[in-house]
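Participant: Let me give you the structure first, and then I'll get to my questions.
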Amino acid sequence: LQGIFVLGLPYALLHSGYSGLLLIVLAAALCCYTGKILIACLYEENEDGQLIRVRDTYEDIANVCCKKLSPSLGGVVVNVTQVVELIMTCILYLVVSGNLLSHSFPYIPVTEKTWSVIAFVTLLPCIFIRTLKIVSKLSQLCSLVHFVIIFVVITYCLTQMHQWSWAKFRLSLEFEDFSVSVGVIIFSYTSQIFLPTLEGSMKNPEEFRCMLNWTHFFACVLKTTFALTAFLTWGEKTKEVITDNLPSFLETLVNLCLLTKALLSYPLPFFAATEIVYSCISKDNHSNYRSPLLALTVRGSFLLLTLLMAMFTPHFALLMGLSGSVTGAAMTFLLPSLFHLKLQWKKLSFLEKCADISVFILGFLCSLAGIVCSIKGLLEVFG
């Protein structure tokens with residue numbers, strides 16, 4: 001919930017104004033709610049009225065909901081969506097790595113795309129990652145570096161309080177800018193694809209709802225504080241990656257820390273995406289799944305794909321907005337509410353049904369608007 005993509009939140013406030021603050025809070029509440037109903041879809045009541053976990057993954061839920069159309073249709077849709085979201089996350093790590101390097105060493109005559117290629121070279125060892133144990137250690141380092149970065153940025157912003165002005169917030173909004181901001185904010189909260197595994201691995205699964213409440217509450221507070229202090233400090237000069245606004249004596253240090261975090265964060269979504277592909281392949285041909293050559297080919301192809309996409313769409317906020325509008329909205333709002341209605345329609349109260357339907361409609365509208373505006377923005381940049 002506190003990934004590197006919070007760096008785009010101040011830029012989202014630039015285009016959404018006061019409504020952006022409301023969106024950060026609303027997105028936290030809605031994501032927390034859909035996380036709960038998604039986990040509820042894993043359970044069914046037995047003859048004694050006790051809840052029993054009968055499903056393990058997001059894919060299992062989707063397959064049950066779509067079994068009348070096709071036994072595996074739902075799982076295919078969910079897996080494709082998950083892989084797209086994870087790959088887009090990897091692409092964003094490469095994009096931001098190139099951006100950070102170019103701003104850290106402006107005196108070196110190297111383009112941002114070339115810096116992305118250099119960052120890509122350091123990620124080649126990811127081809128040989130075969131277990132989650134290595135990834136988990138890298139993720140722990142990422143968390144530590146991330147909080148150091150947030151602390152430094154907020155501390156600097158607080159030293160500039162004398163120039164803060166609420167007049168920097170926009171009252172009138174451009175629909176297209178606002179829609180892209182919605183995608184950015186949604187993408188900063190997406191975590192639904194990991195929740196079934198997380199809940200299943202908890203020592204006390206009954207505490208999951210409480211855990212979800214507190215994590216989203218603290219995430220909301222930290223995101224709001226970070227985005228607000230940064231935007232009040234730089235106002236209309238707020239850039240896509242907020243660290244670009246820092247003075248030179250801090251920018252290089254923070255950017256190098258962010259670069260380290262981005263590169264260490266890359267293996268997690270990369271590993272998760274390749275594991276999904278491997279699990280699908282193993283269902284059809286178990287022997288090929290064990291082939292080391294096939295494993296290296298798939299990982300290498302994924303690595304190359306992220307580099308090519310990073311080279312052709314080097315626009316951090318627009319790409320993040322598009323990702324949030326497509327895969328983020330689908331996995332976070334559309335599918336959980338739809339599956340919950342499908343599996344537990346008879347047990348839901350009228351208000352619960354209204355809540356699920358409202359979340360679905362809201363998610364669909366935000367997704368549609370965000371897709372159109374993000375694509376239009378990317379086309380204008382290339383044009």
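Here the Cβ of each residue, glycine as well, is placed from N, Cα and C on the backbone.
Those TrEMBL annotations? Automatic predictions, nothing curated.
Annotation comment: TrEMBL describes 2-375 as domain 'Amino acid transporter transmembrane'. Look at TrEMBL and you will find 20-43, 76-95, 115-132, 144-166, 178-198, 210-233, 253-281, 293-312, 318-339, 359-379 tagged as transmembrane segment.
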Participant: Would the transmembrane segment (115-132) and the transmembrane segment (210-233) count as touching if the test is at least 3 Cβ pairs under 8 Å, pairs 6 or more apart?
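Facilitator: Stretch pair does not touch.
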Participant: Is it the case that the transmembrane segment (144-166) and the transmembrane segment (20-43) have 3 or more CB pairs under 8 Å, with pairs at least 6 apart in sequence?
Facilitator: no
